Amino acid sequence: MAQKDRIDTTLTKQIVYGNISTKLAEKLPNGHTHRWTIYVKPYNVEKLSNFIRKVQFKLHSDYENSVRVVEKEPFEVVETGWGEFPVQIKISFIDQSERQAICSHYLALHQPEFIEDDGSIVVVKEVLDQIVFVNPTKKMFDVLNDKSLVKPHDPSKWRFNYPEIIEAHGKLLEELADQSEREVEELREAIREMAKRCEEYHEKLRETPGYENNDEE
């Protein structure tokens with residue numbers, strides 16, 4: 001696609017990917033002990049299918065048909081198993097000219113645990129992330145910029161308090177930035193002090209009898 005068909009801007013979309021798992025009442029004949037679901041969800045209230053065409057989940061090679069392609073919402077795979085392993089997630093967009101987004105999630109079966117209202121225990125592990133679109137195509141730009149397709153994040157739909165996590169993360173980044181600035185300034189001051197001492201040393205050296213003669217040799 002020609003560059004003129006792209007918009008000179010950068011847009012982002014927040015997503016959450018992860019898994020939920022529960023322990024089976026009885027071990028299955030194949031040795032599986034847990035039922036799990038791995039998924040990609042929107043952080044805000046919106047349809048991912050507005051801009052996502054399909055999601056590919058690459059499971060452990062022990063699974064039959066280990067590469068699962070989901071072409072409609074919910075973008076998830078439900079399976080049973082006994083072990084934890086990394087799952088590659090590849091996201092394709094409605095405009096195939098856009099580069100795919102790839103991430104990895106380590107399937108969790110044991111931690112962190114949550115107690116449901118009925119007393120049952122589930123394990124949920126998630127990552128809040130964002131997809132960055134640099135110079136998106138006109139088609140992608142239009143749909144990503146359409147505010148009518150998006151409603152604000154609804155905390156009641158999630159087990160993790162993401163607004164609180166985002167705020168804490170922002171404060172941490174600010175603290176790290178401040179710390180970096182202090183360390184850089186301390187380093188600059190140390191360099192200035194070292195330069196000053198070097199100059200004092202050379203000044204004393206120049207006052208030493210025979211210094212110039214030694215230098216000429």
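Every residue number used here counts from 1 along the chain in the order it is shown.
The backbone N, Cα and C atoms fix where each Cβ goes, and this holds for glycine too.
Unlike curated records, TrEMBL annotations are generated automatically.
Computed from a predicted structure; not experimentally measured.
The following features are taken from TrEMBL:
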- 5-147: domain 'YEATS' (DOMAIN)
- 170-204: coiled coil (COILED)
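When pLDDT is averaged over the domain 'YEATS' (5-147), the result is 97. In terms of DSSP secondary structure, the domain 'YEATS' (5-147) contains 12 helix, 75 strand, 56 coil.
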